[in-house]
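Read through the structure below, which is laid out as structure tokens, and then see the notes.
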Amino acid sequence: MTEKKYIVALDQGTTSSRAVVMDHDANIISVSQREFEQIYPKPGWVEHDPMEIWATQSSTLVEVLAKADISSDQIAAIGITNQRETTIVWEKETGKPIYNAIVWQCRRTAEICEHLKRDGLEDYIRSNTGLVIDPYFSGTKVKWILDHVEGSRERARRGELLFGTVDTWLIWKMTQGRVHVTDYTNASRTMLFNIHTLDWDDKMLEVLDIPREMLPEVRRSSEVYGQTNIGGKGGTRIPISGIAGDQQAALFGQLCVKEGMAKNTYGTGCFMLMNTGEKAVKSENGLLTTIACGPTGEVNYALEGAVFMAGASIQWLRDEMKLINDAYDSEYFATKVQNTNGVYVVPAFTGLGAPYWDPYARGAIFGLTRGVNANHIIRATLESIAYQTRDVLEAMQADSGIRLHALRVDGGAVANNFLMQFQSDILGTRVERPEVREVTALGAAYLAGLAVGFWQNLDELQEKAVIEREFRPGIETTERNYRYAGWKKAVKRAMAWEEHDE
């Protein structure tokens, strides 16, 4: 009898590294997770230690195999999904990072972004990279590192330094420096990549003064990139055969591979993606045009709206405000009151993402009266996640001309039934919650498994996409629009807060 085979998905996130083992029926066999330190050197700055990312991720791989009691030669392939945009520059010779990883949430490059806008590059960048000018993306982060680490730009020109997003860093480490690659989805988040020619964009490299020598090779999201024996007893070589940025992996894991299908992931931030097939739709409404995975991991396009603060705003209630002891408590307290008593929380702690793109917005609570208590504020914070999702969906429908019939959801916060019901109420659309919650890992596993023939095609995977619960709108249109108008008013007042503070 042949040994049973499995796929391992490595899910390197913003706050933790995880490893997930799946069998052929897409059942989760075991999960291992390790958190790592968030570094905040200055207000609005966010960093990670790349060596800690590697240490936590590699140890979860060893751990998850031990937990599942399977040997490395039972692993058919490894797929990688990762926090996107986070930027690492390291020495080719030693593998030592020259600076901490600059995280996607970090706003330190706002000034560089202002220069790009003043130089009239907005339309060029939107047309060619699909992105807006914002500190969120990797390009300005790489420039910042090269500007601030002495001699680094010259070293990069000499081929001594390498740049990578987290996927690239992990594969480089897993292959002992033999493989320096990324995939189309991650490359499309750098602001350095032309999403039409599918190559690094010479003009952007010139504008940001980033040497081409340091960039990884860009490949499909589903193919064999190299082999690793990390965690392997006796040096079994396991193919690494799937890479996708976390949101594109979730889109694929939800099997949103046809034009017009959309999903929203509720994690640290909120990310809604709608597959637009082989057509790159240029957004007129503050969304991003990004690369997604087609049915066999080939290039498709998607519209994306990124909301920076979703689960992070619940953590704020817990860690800074001390209003709850556990994120799961938020649902209980939110349902202790009938409504928010007129309160709106705008969680613009690091500015606002889509469709506003205002790095100078700041968090605010509006509508406070004497009768407002902690439960109202907890409820309003949860509701802010759903309102921000509606902001994005409105923009998406305007750009694509496609009316969404159902939204597939995933991520930690979807366990919150209050939030999911309110989401359906405020959108006026069905919300579908899948049985398998680990859709990001699932997407990475699918991409890796398809590349090595573990699964033959997507038809084989369709029956595994079971919807566990469907939420339907329970409020009238007038009420929905009235509440949403209040939210829009609150957002308007939170915008451009920081820039007047000379």
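Including glycine, each Cβ sits where the backbone N, Cα and C put it.
For the glycerol site that Swiss-Prot gives as Arg84, Glu85, Asp246, Gln247, the extra residue drawn from Tyr136, Tyr184, Tyr301 is Tyr136. Looking up Lys92, Lys233 in Swiss-Prot for N6-malonyllysine, the annotated residue turns out to be Lys233. Of the residues proposed, Gly226, Gly311, Gly371, Gly453, the one Swiss-Prot records at the same ADP site as Thr14, Arg18, Thr268, Gly412, Asn416 is Gly311. Distance noted between the C-alpha atoms of Gln247 (glycerol binding site) and Glu479 (Zn(2+) binding site) is 32 Å. Considering other CB atoms within 10 Å as the measure, the emptiest surroundings among the binding-site residues Arg18, Arg84, Arg237 are those of Arg237.
Using Cα positions, the member of the binding-site residues Thr15, Ser16, Gln315, Glu479 nearest to Asn416 (ADP binding site) is identified as Gln315. Across the annotated binding residues for ATP (Thr14, Thr15, Ser16, Thr268, Gly311, Gln315, Gly412), the two most widely spaced Cα atoms sit 14 Å apart.
Excluding the listed site residues Thr14, Thr15, Ser16, Thr268, Gly311, Gln315, Gly412, the same chain places Gly13, Gly267, Ala312 with Cβ atoms within 8 Å of the centre of the ATP site Cβ atoms. For Thr15 (ATP binding site), the nearest of the binding-site residues Asp246, Thr268, Gly412, Glu479 in terms of C-alpha separation is Thr268.
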